[in-house]
C-alpha cells in the first residue's frame, strides 16, 4: 500500500497505540485531541505518559488541537473517542470535511440516549458523499500490549468489503493483523457488550471467587451477548470470532482491562464514583450496561448477567447477592436462544 494520511481522533491509550501501528507501516499519522498539555507532550517529548509511562513515540507521530489541521488532505479518519461524544465529534468532522475519506472507528459502546451503534451514528452525521461505508476496527486488543508490538489479531468490519480490505491493508504488519468481516452488527455489539461481562468477571474476582465462577460468567456471558446480537440482526458465527469470544476472553480475564478492574473494585465494595475517579479513564461497560439492559427489556431477550450488573450499578443492589441470585434462576437448556 502507498503512504496514506490518517487522522486519529482521540489520543487515548488505544488511539496512541494505533498511531504507532500506522507509523510503523510508513503512513502519515496525525492525532487530534482537546487537552493542550497532552498535545504539547506528544509533540515535544514524544510521550503520552498518562497512558504509557515508559513509551517513547516516533517523532513522525504528531498531534494537534486543530481539527481542521488534522483532517486536511487525509485519506482516512479513525474515531477513537468515548462513545458519549462520538456524535458531537462526528458533527464537527462533517462541518469541516471537503473531500471523501475512509471513515473508521475503534470505540466500543452504544449511545446511551438512542441505543445506536457507533457506525450508525457516523453514517447519520457524516454525509455519504464525504465518506466510505464505515469500517469498524475491533477485537482482542490491549493497548498496553500493542504499543510494545506484541502480536495482535483483530477484525475490520464493513458493509462494503472493499472498505474493510483497505483498512486491513492499512494496519496489517508483522505484529498486527486484521481479518475482514461484513457483519457490522455482530462486531459492534460484541465489542460493546463484552465490557458488561468483563465487569461481572472482575466482580467475581473482587468477591474472592475462583476460576470456575469466572469461566461460567464468561461462557454464559457470551451466550447472552449472542442472544441479543442475533435479535438485532447479527450473524451468530461472528461471536465465535476475534471480535466475539476473542475480545471477551482478553477483556474478561486481564488486569489490563479497565472494565475488569472496575468490576473487581465493585466486588471489593468500592463506590463507583471513586472507581471512575481513581481510574482516570472512561469505563465503557458502566454506561453500556444500562443501554443493554434497556434493549433487552424492550426486545424480551434473557440477559441475567447484564441484569445482575445493572441492578448492582443502577439500583443499589448488593453485587454479591445479585450474582448469587442467578444461581436460583429457572432451569434452562444450555442452547436456548431466547
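Using the three backbone atoms N, Cα and C, a Cβ is placed for every residue, glycine included.
According to Swiss-Prot, the feature NADPH binding site maps to 13, 14, 108, 143, 258, 282, 284. Residue 13 (NADPH binding site) falls within a helical segment according to DSSP.
A C-beta separation below 8 Å, combined with a sequence spacing of at least six in one chain, links residue 258 (NADPH binding site) to 279, 281, 282, 283. Annotation note: residue 258 (NADPH binding site) sits in a helical segment as assigned by DSSP. The feature sn-glycerol 3-phosphate binding site is assigned by Swiss-Prot to 108, 139, 141, 194, 247, 257, 258, 259.
Classification of residue 194 (sn-glycerol 3-phosphate binding site) by DSSP places it within a helix. Sequence-distant neighbours of residue 194 (sn-glycerol 3-phosphate binding site) (same chain, 6+ apart, CB under 8 A from its CB) are 108, 221, 225, 244, 247, 248, 251, 252. Annotation comment: Swiss-Prot describes 194 as active site, proton acceptor, evidence class sequence analysis.
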Cα distance (Å, whole number) from residue 143 (NADPH binding site) to residue 257 (sn-glycerol 3-phosphate binding site): 10
Cα-Cα distance linking residue 141 (sn-glycerol 3-phosphate binding site) and residue 13 (NADPH binding site), given in Å to the nearest integer: 11
Residues 13, 14, 108, 143, 258, 282, 284 [recorded NADPH binders]: greatest CA to CA distance in Å: 15
From binding-site residues 139, 141, 259, the one whose Cα lies nearest residue 14 (NADPH binding site): 141
Cβ neighbour count within 10 Å of residue 282 (NADPH binding site): 18
